[in-house]
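Visitor: First the structure, then my questions, so here it is.
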Amino acid sequence: MLALSLLSIVSIASAAGVTAIPEGDNPYTIFPSVAKTASINGFADRIYDQLPECAKECVKQSTSSTPCPYWDTGCLCVMPQFAGAVGNCVAKNCKGKEVGSVESLATSICSSAGVWEPYWMIPSSVSDALAKAADAAAETTAESTTAESTAAETTKAEETSAKETTAAETSKAAESSAPAETSKAEETSKAAETTKAEESSVAQSSSSAADVASVSVEAANAGNMPAVAIGGVIAAVAALF
C-alpha cells in the first residue's frame with residue numbers, strides 16, 4: 001500500500017513540473033517510513049514549535065488540494081500547490097529573518113523526509129515573493145536606523161541651542177543687575193557720608209555755642225565785665241542760634 005502511495009506521488013510530482021527525482025535513485029526507497037497520523041499535518045507537526053509566530057497559521061494549509069495523505073511529510077514537500085500556498089502566506093505575514101527561519105525549517109524537514117534537492121519545492125513565483133519579503137525588512141530596518149539617527153541629531157542640536165540661549169539670558173541679566181546694585185550702593189554710601197558730615201557740623205556748632213555761653217555766664221557772675229561787654233557777648237551768642 002505504501003509503495004503504491006509513493007509511486008503515485010512521484011508520478012504526480014513529475015507531471016506537475018516539480019524537480020525530477022535524480023537518476024539512479026529508487027523512488028521506493030528514498031522516503032523513510034513516517035507515522036501515519038498528525039495533529040496538524042505531516043509538514044507542520046515536526047517544526048511547528050520552532051516557527052516564528054507569523055508563520056504558524058500558514059503551515060495549517062489544507063492538504064485536500066494534493067493526493068497526499070495529510071500525515072505524509074515527503075509527499076507534502078513535493079506538492080507545489082501545498083508548498084506554494086504555505087510560502088505565499090509566509091511572504092505576506094513574515095519579514096526579514098522570520099522568512100529565512102521558515103525556509104530553513106522547511107528545507108530541513110523535507111530533507112529529513114528523504115526529498116531530493118531543493119527539498120521544499122515551491123514555485124519560482126513564491127520563491128521570489130519570499131526573497132522580497134526578506135529584503136523589505138532589511139530596507140525598513142535601514143530606514144528606521146537613519147530616522148532614529150536624524151531625530152537624535154535634531155534633539156541634540158535643540159538642546160545645545162537651548163543651553164546657549166539660557167546662558168546668554170543669564171549673562172545679560174547679571175550685567176543688568178550689577179550696575180543697578182553698584183549705583184544703589186554708591187547712593188547709600190554717599191547719603192551716609194552726607195548725614196555723618198551734617199551731624200558732625202551740628203555737633204561742632206552746639207559745642208561752640210555751649211563754650212561761649214559758659215564763658216559769658218562765668219564773666220557775668222564774676223562781675224568783672226562791664227555791662228556793655230556782657231550785652232555784646234549775649235548778642236553774639238544769640239546770633240549763633
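Every residue gets a Cβ built from N, Cα and C, even glycine.
Got these off Swiss-Prot a minute ago, pasting:
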{"type": "BINDING", "residues": "Asp72", "note": "heme binding site"}
{"type": "COMPBIAS", "residues": "140-154", "note": "compositional bias 'Low complexity'"}
{"type": "COMPBIAS", "residues": "163-182", "note": "compositional bias 'Low complexity'"}
{"type": "COMPBIAS", "residues": "183-199", "note": "compositional bias 'Basic and acidic residues'"}
{"type": "COMPBIAS", "residues": "200-210", "note": "compositional bias 'Low complexity'"}
{"type": "DISULFID", "residues": "Cys54-Cys94", "note": "disulfide bond"}
{"type": "DISULFID", "residues": "Cys58-Cys89", "note": "disulfide bond"}
{"type": "DISULFID", "residues": "Cys68-Cys75", "note": "disulfide bond"}
{"type": "DISULFID", "residues": "Cys77-Cys110", "note": "disulfide bond"}
{"type": "LIPID", "residues": "Asn221", "note": "GPI-anchor amidated asparagine"}
{"type": "SIGNAL", "residues": "1-20", "note": "signal peptide"}
Visitor: Inside 10 Å of the Cβ of Cys94 (disulfide bond), count up the other Cβ atoms and send me the figure.
Guide: 24
Visitor: Taking Cα atoms as reference points, which of the recorded positions Cys68, Asp72, Cys77, Cys110 is nearest to Cys89 (disulfide bond)?
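Guide: That would be Cys77, the closest of Cys68, Asp72, Cys77, Cys110 to Cys89 (disulfide bond).
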Visitor: If we check Cα distances from Asp72 (heme binding site), which of the disulfide-bonded residues Cys54, Cys58, Cys94, Cys110 wins as closest?
Guide: Cys110
Visitor: Helix, strand or coil by DSSP: which one applies to Cys68 (disulfide bond)?
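Guide: The three-state answer is coil.
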Visitor: Taking Cys110 (disulfide bond) as the reference, which of Cys54, Cys58, Cys68, Cys75, Cys94 (the disulfide-bonded residues) have a CA within 10 A of its CA?
Guide: Cys75
Visitor: Neighbour count, 10 Å Cβ-Cβ cut-off, for Cys89 (disulfide bond): what number do you get?
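Guide: Result for Cys89 (disulfide bond): 19 neighbouring Cβ atoms inside 10 Å.
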Visitor: If you draw a 10 Å sphere around the Cβ of Cys68 (disulfide bond), how many other Cβ atoms fall inside it, taking every protein chain shown into account?
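Guide: Step by step: centre on the Cβ of Cys68 (disulfide bond), count other Cβ atoms within 10 Å, giving 24.
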Visitor: Quick one, of the disulfide-bonded residues Cys58, Cys110, which Cβ has the fewest other Cβ within 10 Å?
Guide: Cys58
